[in-house]
Amino acid sequence: MMTHWPSPAKLNLFLYITGQRADGYHTLQTLFQFLDYGDTLHIEPRHDGEIHLLTPVNGVENEDNLIVRAARLLMKVASESGRLPAGSGADISIEKRLPMGGGLGGGSSNAATVLVALNHLWQCGLSIDELATLGLTLGADVPVFVRGHAAFAEGVGEILTPVNPPEKWYLVAHPGVSIPTPVIFKDPQLPRNTPKRSIDTLLKCEFSNDCEVIARKRFREVDAALSWLLEYAPSRLTGTGACVFAEFDTESCARQVLEQAPEWLNAFVAKGVNLSPLHRELL
């Protein structure tokens, strides 16, 4: 039986770099909110223990794809703890709408959806806490997608506090470039000492993103996208880019600006939601 699972985008409504650990990882404070927009995973259970990705990504070996890695990780851990029914496997395909290197969390969201969906379909019975712990081994952003609620994140992004920011409408624009996260985090001019603040203080301040100055400097397309969008509404970078976004109180206001978007921008309008569309499906 084929099943369909949302794999939503996220926005970093703010992102501040508060330090760098001895292992090279950066500590941060960020606010995650989901979008009612994203990829869709199609999963059909198999009964021969095989994992097949039917929609390979150009330039990425299947076994390196986060979708396959997440499936194999769940299979391994559930098997070792005696919670994997014999023969559990899956055929997985993806309808991809989220750009790679866009700062929307596409790969992390895909991995989280696989963990949540296969845990359900295989009836492994792992808790959300267990799935989030597995997810963290795949990427720092995976746990927030596994938990499925908007959150204030600290540490390297793994310390999550559920929050309920206003659910605005957003115009999200991709300027046609892919930004690998290390390009931003390795830049010597990246701000790395923004003072840590409480969530209550941060929610009262104007939101910004410490990575934005580097992304604008190194990628003229990002600079051009923000320059255009700022003419209409407060706008900023999400994650390490390349996507930028502006917030609006109504869908109609966002769509009016979308109609003005230049042809070189790939833009869409979506609602910010505090409960992930993936978890809404499970209710």
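Every residue gets a Cβ built from N, Cα and C, even glycine.
Features as listed in Swiss-Prot:
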- LYS10: active site (ACT_SITE)
- ASP141: active site (ACT_SITE)
- PRO99, MET100, GLY101, GLY102, GLY103, LEU104, GLY105, GLY106, GLY107, SER108, SER109: ATP binding site (BINDING)
Taking the Cα atoms as reference points, how far is GLY103 (ATP binding site) from LYS10 (active site) in Å?
8
Distance between GLY107 (ATP binding site) and LYS10 (active site) at the Cα atoms, whole Å?
11
Need the DSSP three-state call for LYS10 (active site) to compare against my parser.
strand
Would you mind listing, in sequence order, the residues at least six apart from PRO99 (ATP binding site) in the same chain with a Cβ closer than 8 Å to its Cβ?
GLY106, HIS174, SER178, ALA242, CYS243, ASN266
By Cβ count within 10 Å, point out the most packed of the binding-site residues listed: GLY101, GLY103.
GLY103
Same chain, 6+ residues apart, C-beta under 8 Å of the C-beta of LYS10 (active site), given in sequence order:
PHE32, GLN33, PHE34, LEU35, LEU104, GLY105, SER109, ASP141, VAL144, PHE145, THR238
Counting other Cβ atoms within 10 Å, pick out the least crowded of the binding-site residues GLY105, GLY107.
GLY107
When you average the Cβ positions of PRO99, MET100, GLY101, GLY102, GLY103, LEU104, GLY105, GLY106, GLY107, SER108, SER109 for the ATP site, which other residues in that chain have a Cβ within 8 Å of that mean position?
ALA9, LEU98, GLY239
Other C-beta atoms that fall within 10 angstroms of the C-beta of ASP141 (active site):
26
